[in-house]
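Q: Can you read through this structure? Questions will come right after.
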Amino acid sequence: MGRSPCCEKAHTNKGAWTKEEDERLIAYIKAHGEGCWRSLPKAAGLLRCGKSCRLRWINYLRPDLKRGNFTEDEDELIIKLHSLLGNKWSLIAGRLPGRTDNEIKNYWNTHIRRKLLSRGIDPTTHRIMNEPSTQKVTTISFAAGNEDIKDQKISIKAEFEQIKDDEIISKPIKEQCPDLNLELKISPPYQQHSDRALQQSTTGSGGASTICFTCSLGLKNNKGCSCSRNRSMNVAGYDFLGLKTNGLDYRTLETRTK
């Protein structure tokens, strides 16, 4: 449900107010005050609605209303207030005693707006029209930074690879398993070990051989020397299958020389 009308529009006058109607409205308000605008027209003997009576009184019949044209000071004040408040005419009228909001709005559209345009000022924004933009547009690009980072990464990687290659060249390669025998032979591993030990003892290279007391005195090839016996025993012991002498007795499992 909407708001009920203030009066019956079928029995109200419309259009311009007559001088007689203005005098009745002024006389009633002076005698009784403004009061309720809904009941005022009937009490004052006016065939008008309450809204029409209120607007006629506020905008035209009030005794404190200023008559005549706007002054230059009022024009500058209206321009300043409009730049701060915009089109809020009722607030602007509150700062101008004796002037109504409707009067100020009409005066703005007919006079002040044209005055601002003649000065080259936009009436809406209150700025100079066709003013070059003073704002500097700064663009931030990350492309150069990314390229510099890529170049740094490539240079660091190249330096690291160069250092790694220099370390590989300068450092000798160490065998992880120096005692590992990779020779391919059919003979048993014990015989290979005995051959290597015999070769080291005969050539003198390799590990230190055991010297008896007679040899330590400088009497080599003496009967009391036990080094020759040890060597012959080692040689004979290494040839336990008779592969060197090619003489193997399967009955006694003893080797003999031809």
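Using the three backbone atoms N, Cα and C, a Cβ is placed for every residue, glycine included.
Pulled these from Swiss-Prot:
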type	residues	note
DOMAIN	9-61	domain 'HTH myb-type 1'
DNA_BIND	37-61	DNA-binding region
DOMAIN	62-116	domain 'HTH myb-type 2'
DNA_BIND	89-112	DNA-binding region
Q: Pull the DSSP breakdown for the DNA-binding region (37-61) and write it out as helix, strand, coil residue counts.
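A: Within the DNA-binding region (37-61) the tally stands at 17 helix, 0 strand, 8 coil.
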Q: When DSSP states are grouped into helix, strand and coil, how many residues of the DNA-binding region (89-112) land in each?
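A: Across the DNA-binding region (89-112), the residues distribute as 19 helix, 0 strand, 5 coil.
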Q: So what's the average pLDDT for the DNA-binding region (89-112)?
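A: Looking only at the DNA-binding region (89-112), pLDDT averages out to 93.
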